[in-house]
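J.: I'd like to ask some things about the structure below.
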Amino acid sequence: MSGSTNRVAANLNMLFTNLPLIQRYGAAASAGFKLVEVSVPYSEPAKKLREAADEFNLKHTLINAPPGNWNDGFRGLASLKSQKDEFRNSLDTAIEYAKTLGCNRVHVMAGIPKTDDDVANASKTYYENVHFAAQKLKEHDLICLIEPINTYTIPGYYLNNYDDAMGLIYSDKSKNLKLQYDTFHAQQIDGQIGATLRKLKEHIGYIQVAQVPKRGACDTRGEIDYNFIFEEIKSIDSSWIIGAEYLDEKASKESFNWVENMSLSF
């Protein structure tokens with residue numbers, strides 16, 4: 001495929017999950033991928049993940065900052081006043097991993113405010129923390145990403161619409177805050193994916209995709225016509241990387257025929 005089409009990265013936290021994380025690198029390479037994203041890489045030492053990527057000539061495109069204890073219900077820390085110190089310390093870990101992995105994008109998750117104090121202070125805390133993160137990541141040549149997440153998938157998630165996300169981006173003095181635009185969430189937040197991509201194109205730093213509502217592959221039955229969406233994406237910005245962030249436990253090479261069938265590349 002030519003360089004003028006969007007490239008797809010395999011999400012190693014959602015694909016090939018019948019294998020341990022380290023073995024998913026080989027599975028992704030066997031399926032044809034040259035790019036991988038690891039939403040939560042912290043279960044393994046960064047050096048070990050980098051060695052696995054290098055062994056299979058894979059490049060990391062994206063990681064999340066540590067989201068807190070997932071099993072305890074945390075889905076990020078940035079909007080939680082009670083976790084302010086933990087959030088800021090977690091950025092050091094994210095930077096260390098990003099540097100080791102050779103990855104230049106870090107997604108900072110907002111989280112779910114639950115206590116009365118966290119709910120009351122969520123707006124101020126999130127504003128301060130995201131701007132702090134954008135500046136700190138800039139000092140290490142890393143791009144800070146924020147992503148609206150729909151409230152069907154994660155009820156109570158603080159950043160759940162594009163107006164709030166863009167307000168933060170416009171007010172960011174570091175000019176280092178970008179939108180992670182996930183079509184799976186976008187469809188369930190307000191639809192109008194093609195129009196929104198065009199409207200926000202200057203501020204989008206990364207794309208993720210999955211079918212709605214079951215979070216399957218792009219060629220499965222659902223609400224989104226990905227043949228159309230990928231034509232739109234390609235015509236707007238063919239340099240955007242597209243993260244395949246959908247559920248496929250035992251994905252095989254044939255599982256990803258949609259990539260070339262829809263005129264994308266690995």
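Including glycine, each Cβ sits where the backbone N, Cα and C put it.
Note that TrEMBL annotation is computational and uncurated.
So TrEMBL says this about it:
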ACT_SITE  GLU147  active site, proton donor/acceptor
ACT_SITE  GLU245  active site, proton donor/acceptor
DOMAIN    27-261  domain 'Xylose isomerase-like TIM barrel'
J.: To see if you understand the setup: which same-chain residues, six or more apart in sequence, place their Cβ under 8 Å from that of GLU147 (active site, proton donor/acceptor)?
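T.: In sequence order, HIS107, MET109, LEU159, ALA165, LEU179, GLN180, TYR181, ASP182, HIS185, GLN208 meet the Cβ cut-off.
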J.: Neighbour count, 10 Å Cβ-Cβ cut-off, for GLU245 (active site, proton donor/acceptor): what number do you get?
T.: 24
